[in-house]
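Working notes, beginning with the structure itself.
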Ligand code: ATP
Ligand code: ATP
Ligand code: MG
Ligand code: MG
Ligand code: MG
Ligand code: MG
């Protein structure tokens, strides 16, 4: 097949290489998981099975690429994989990194589904799929700030979602009423509403919900305060 007269079309291909000597972030995110989670009756706001399935899928990606990955962080339907500055994985080709990470993740998500949702078969008309992007971060500070950004996002979203759903479930508010009640409130107000009106102390919520999940290169899954531990996490990188 080599050297046919058609082969010139290869010249139209481009291979974008990510900047050398920069940290590479690959972030994947579930496509329309708001609908997907409804379709499979995920518990609101946090379905433990779904989070554990995300973690198990991401863990297999980390283990496959453990020599190049520093760590991974996940929340909701997204996962961030942080790749070493010096990595030459796939010659730093953007398409290769982005597509191989997301397809390996998705393959695992589908293959492991039955383990986490044994009572619910995946319906081929409603299959999970994910988008993916690569971003280069020029130094340690920006990659640390990236991770802190995702961590703080987890906290803000989880606090909001926890109060929102408790107001609906426990206080019988409509989604619209719950939204209006929370409009303009600060974190401390939300914690107070949760405590006084729903009888829930936010501090006692599961760590995985509040803090997201961090996967080390060894494959350990931790639920820690990323902002507090950020320097230790990148020790040696
Ligand atoms: P897009 O395709 O633009 O990413 P999306 O519907 O996936 O759209 P996201 O902003 O990614 O929107 O939000 C993911 C949504 O998936 C959450 O808002 C939530 O409704 C749902 N979801 C994800 N994980 C869980 C979970 N473990 N438990 C319950 N719901 C979840
Ligand atoms: P890379 O990761 O670089 O793509 P590769 O091993 O996938 O490496 P390809 O050039 O993509 O290399 O070739 C795919 C190979 O997969 C074929 O050479 C063949 O050995 C095998 N293969 C693919 N489809 C089939 C099939 N239907 N039947 C038998 N072998 C197959
Ligand atoms: Mg999105
Ligand atoms: Mg999504
Ligand atoms: Mg998302
Ligand atoms: Mg191939």
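Glycine is treated like the rest: Cβ placed from N, Cα and C.
Around residue 29 (Mg(2+) 1 binding site), the same-chain residues at least 6 positions away in sequence with a Cβ under 8 Å from its Cβ are 77, 78, 130, 131, 132. According to TrEMBL, the feature Mg(2+) 1 binding site maps to 29, 30, 77.
Annotation source TrEMBL lists Mg(2+) 2 binding site at 29, 77. The DSSP secondary structure for residue 77 (Mg(2+) 1 binding site) is coil.
Sequence annotations record features per position, and here TrEMBL assigns GTP binding site to 76, 77.
The domain 'tRNAHis guanylyltransferase catalytic' annotation in TrEMBL covers 6-138. Predicted-model confidence for the domain 'tRNAHis guanylyltransferase catalytic' (6-138) is 98, expressed as mean pLDDT.
Marked as domain 'Thg1 C-terminal' by TrEMBL: 141-218.
Non-local neighbourhood of residue 76 (GTP binding site): 30, 33, 154, 157, each in the same chain, at least six residues away, with C-beta under 8 Å from its C-beta.
Apart from 29, 30, 77, the Mg(2+) 1 site neighbourhood in this chain, defined by C-beta within 8 angstroms of the site C-beta centre, holds 28, 31, 33, 76, 78, 130, 131.
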